[in-house]
Number of protein chains: 4
Amino acid sequence: MPVKLLFIGDIIGKPGREALSRELHRIVDRHYVDLVIANGENAAGGFGLTAETAQDLFKCGVQMLTSGNHIWDKKEALEYVKREARLVRPANYPEGTPGKGSAIVSTPGGVKVGILNLEGRVFMNNLDDPFRCADKEIEKLKEETPIIFVDFHAEATSEKMAMGWYLDGRVSAVVGTHTHVQTADERILNQGTAYITDAGMTGAFDSIIGMKKEEAMERFITQRPSKFEVAKKDIRINAVVIGVDETTGRAVTIERINLACG
Amino acid sequence: MPVKLLFIGDIIGKPGREALSRELHRIVDRHYVDLVIANGENAAGGFGLTAETAQDLFKCGVQMLTSGNHIWDKKEALEYVKREARLVRPANYPEGTPGKGSAIVSTPGGVKVGILNLEGRVFMNNLDDPFRCADKEIEKLKEETPIIFVDFHAEATSEKMAMGWYLDGRVSAVVGTHTHVQTADERILNQGTAYITDAGMTGAFDSIIGMKKEEAMERFITQRPSKFEVAKKDIRINAVVIGVDETTGRAVTIERINLACG
Amino acid sequence: MPVKLLFIGDIIGKPGREALSRELHRIVDRHYVDLVIANGENAAGGFGLTAETAQDLFKCGVQMLTSGNHIWDKKEALEYVKREARLVRPANYPEGTPGKGSAIVSTPGGVKVGILNLEGRVFMNNLDDPFRCADKEIEKLKEETPIIFVDFHAEATSEKMAMGWYLDGRVSAVVGTHTHVQTADERILNQGTAYITDAGMTGAFDSIIGMKKEEAMERFITQRPSKFEVAKKDIRINAVVIGVDETTGRAVTIERINLACG
Amino acid sequence: MPVKLLFIGDIIGKPGREALSRELHRIVDRHYVDLVIANGENAAGGFGLTAETAQDLFKCGVQMLTSGNHIWDKKEALEYVKREARLVRPANYPEGTPGKGSAIVSTPGGVKVGILNLEGRVFMNNLDDPFRCADKEIEKLKEETPIIFVDFHAEATSEKMAMGWYLDGRVSAVVGTHTHVQTADERILNQGTAYITDAGMTGAFDSIIGMKKEEAMERFITQRPSKFEVAKKDIRINAVVIGVDETTGRAVTIERINLACG
Ligand SMILES: [Fe+2]
Ligand SMILES: [Fe+2]
Ligand SMILES: [Fe+2]
Ligand SMILES: [Fe+2]
Ligand SMILES: [Fe+2]
Ligand SMILES: [Fe+2]
Ligand SMILES: [Fe+2]
Ligand SMILES: [Fe+2]
């Protein structure tokens, strides 16, 4: 049976964390999940991550956290990212950035999985080249394991698909995050890499990408800065389950999850 | 039975047009479609629309074309958009822009449907406010019919969801286009508007958003300008079918289509 | 003798305000200034404007404040902008925006001057079209006076020059702001409009556009969010003096000021 | 006497080239110029550079060409940039980019000058970090000479000033290009580096940054793509002359040139 990786899309504040605390074990059971990875960049009040909110997620069963552009929003993350083995930030932040961009984690069954986090540049920060950065990181991870999971945190669909094809056959999965909207294009690419443009988000869906819809709408209408607050209604979990052949590291299945949980 | 609107996501060049010529009638039959709308901004060689390519699409059974930022890529579109009743361009282009941003079309059964095309501003052109523009256009269309379909051609998920909520209860459907990747978030919003962030694209999927993947990838790797060419392999049709109550204009169903056709 | 308008570039926090309190009367005397206009969008701690900081500036001899994208940074500005006759915000913010985009002010000698504030869209907010907005505002102002001063708060040199040429012969001056760097391209355009791409800033020049240079540099180096603080050393006043023919509203002179004041 | 470097801002098409052919020798004479450097990214029809247009410039007396984002506009530049010793492209293009980002050139008097070209990232391409790239290139150049001239081709004033301060004391001059508007902020920074945010352009000033003003204006008014053509009236040469101490590499003078030549 393939190794089953569950990846949970950007967790938005308390509603997202609570949904996982109630439902994650069920998803894990139903899909025979071996390893739970989640994007935590919005877990603390919608912006950033703290040691405490990360702890919440580890308690639910998350084994590894990825992140993205919002990881620096809470000041304490600068320190936390250094000491927390179970947290990666995009690898293509410049040299000297606290924390690490990739990690090896083991499933309870002892299978090693490489986790690589990257951030896109189109319409985003001016980071190092995520493509060349991926080359280097993958070479390193390959020394440990053929199973590599990539969270590519990016805005533009073209950049995300380019990364999928660029890494096709070299990693087990390229899963996009950041837009907070799950895409319906999950597939196994030609050389065996599982791909989806965006895994979506875990939080309130009576919202604009997780935030209260009235406030987010106001920003478009007024073009003035406005406060954003985490929304609370219509909670859903967005995720993907990827089955990977343990020996080759090739993906054999990719399945979307969109679970309404109240 | 509700009025059934079929909307086809951005058609990418000849592979997209040919797929429709082979398969559209089947989709129409299977889903009891009353009206076929399609986004044609990439129908001519991947960039823009010509009278000839539009003709191809009308012959397949498309009754109304919407468009987006690429509509001006072929010079002749400037004239064509003026004389073609079955073509709209985003309504929020500035005053004096050739063509029209909305239209009324009738189903074979005689039901009038308002079509409104809008373009987003986040990461895109500096256009007039699509929200206030929608207010005006909808008021006009409502005098003719309660059934209104909106193609919101935009990049950012937040702007698209904001438009969905902004128009919720006032139009039958807000369907996003432009990213060329179908999203999995189709739903009926609280007040009865069908919504999906992106309908996806119709063309070659062994590609980067419809274009040959080697060339598109090269642009990211080299950061130099490069030619794009329409891809040809793994053709699929991405679309949505929306069921609308004829009397109230409220959506009752929204269903995604992702049809592999060779 | 022509009417002499003094326009002071973006005032950056306390160092900028204090420089004006010490030196403004001298500049006014030396250049026979009839009216002092200043951009106040950064007057309060580098971000935004408050009633108190505006008061400081009026006391120095400023008669009219223009602004830009930062005008909304301090919450109280939302109310202040409504009640302060001597303050304009960019006219092309959407309908319903508090405050006004243009005003008429009189010199001590009784000459009426129209003041128009506009904001660019390239690399900035998604506002209404500043070109068409200018058409409407100018028509209104022309009923009162032929002398019209425009502060075009914009990033891209191309958009700023386009506005200059667009309004050439219809207003007395188009002066750019926002980049905080004075340009050396002051001139009278073909039809009599004084033009400069950017008036520069008034504040500390041992800085990165007015902010402490270490912190601003860090943002580029780390690509993480960082606090900005107003710099304090090497204070200079950047401004332009424009001579306008009272009868025709045509500019006859434009002169840059770059005054080191400690 | 200090070594005198003349740097000519972006040359726009034939009008720019012809102006140099008529006037460059006079500028060289008057300012006792030892080395002529020029930005050639727009020398061929306003977009890019060809071997032929470069030849024109070398004939006028230009000894070294820098460039920027437009260097790739003409196909032949991909080859030309490899074989032309007197041409650099921004050093922070990714590994594998044809051509080189820095060079050493000698004045007729035998003084070696290091030339470094960099491109900004704010509102521009997604390139490698120009700050860290500068560190590496400067280390290399310093082995040959203490005199280093940097053309930082960038849009945002903040990024340009950040580079100025970042390199202060390590290079002789940081001169900005790309906006095509000369700034009035030339100065010697605290540690001896000459700095100006933008050197301006050499071409037609009855224009929008060198292009015919009606067409450029139309793009802002219509928000549709439009052709740009090189403007021809009111030709000026924008440049800076920098005096550098030969032993220390520190700048001692920086002077702007804005020469109207018909
Ligand atoms: Fe996120
Ligand atoms: Fe993000
Ligand atoms: Fe498209
Ligand atoms: Fe598009
Ligand atoms: Fe400012
Ligand atoms: Fe500003
Ligand atoms: Fe240029
Ligand atoms: Fe450039």
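Backbone N, Cα and C define each Cβ position, glycine as well.
Here TrEMBL flags C:Asp10, C:Glu41, C:Asn42, C:His180 as Fe cation 1 binding site. If you take the C-beta of C:His180 (Fe cation 1 binding site) and look for same-chain residues 6 or more apart in sequence within under 8 angstroms, you find C:Gly9, C:Asp10, C:Ile12, C:Asp198, C:Gly200, C:Met201, C:Ile209, C:Gly210. According to its DSSP assignment, C:His180 (Fe cation 1 binding site) is coil.
Residues annotated as Fe cation 2 binding site in TrEMBL: C:Glu41, C:Asn69, C:His153, C:His178. Less than 8 angstroms from the CB of C:His153 (Fe cation 2 binding site) sit C:Asn39, C:Glu41, C:Thr66, C:Ser67, C:Gly68, C:Asn69, C:Pro90, C:Asn117, C:Leu118, C:Glu119, C:Gly120, C:Gly176, C:Thr177, C:His178, each of them six or more residues away in the same chain.
Here TrEMBL flags C:His70 as active site, proton donor. Non-local contacts of C:His70 (active site, proton donor) by the CB criterion (under 8 A, 6+ apart in sequence, same chain) comprise C:Glu41, C:Asn42, C:Phe47, C:Gly48. Reduced to three states, the DSSP call for C:His70 (active site, proton donor) is helix.
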Running a distance check here. Ligand 3 versus the recorded positions C:Asp10, C:His70, C:His180: which have CB less than 6 Å from one of its atoms? none
Cβ under 8 Å from chain D: which of the binding-site residues C:Asp10, C:His178, C:His180 qualify? C:His180
Under a three-state DSSP reduction, the secondary structure at C:Asp10 (Fe cation 1 binding site) is strand
Around the recorded Fe cation 2 site, report the further residues of that chain (criterion: Cβ within 8 Å of the mean position of the Cβ atoms of C:Glu41, C:Asn69, C:His153, C:His178; site residues excluded), sequence-ordered. C:Asp10, C:Asn39, C:Ser67, C:Gly68, C:His70, C:Ile71, C:Pro90, C:Glu119, C:Ala154, C:Thr177
Could you work out which of the binding-site residues (C:Asn42, C:Asn69) has its C-beta surrounded by the smallest number of other C-beta atoms within 10 A? C:Asn69
Using the recorded Fe cation 1 site (C:Asp10, C:Glu41, C:Asn42, C:His180) as reference, state which further residues of the same chain have their Cβ within 8 Å of the centre of those residues' Cβ atoms, listed in sequence order. C:Gly9, C:Ile11, C:Ile12, C:Asn39, C:Ala43, C:Gly68, C:His70, C:Thr177, C:His178, C:Met201, C:Gly210
DSSP-derived structure type at C:His153 (Fe cation 2 binding site), helix or strand or else coil: strand
In terms of DSSP three-state secondary structure, what is the assignment for C:Asn42 (Fe cation 1 binding site)? coil
Within 10 angstroms of the C-beta of C:His178 (Fe cation 2 binding site), what count of other C-beta atoms is obtained when all protein chains are considered? 28
CB < 6 Å to ligand 5, subset of binding-site residues C:Asp10, C:Asn42, C:Asn69, C:His153, seq order -> C:Asp10, C:Asn42
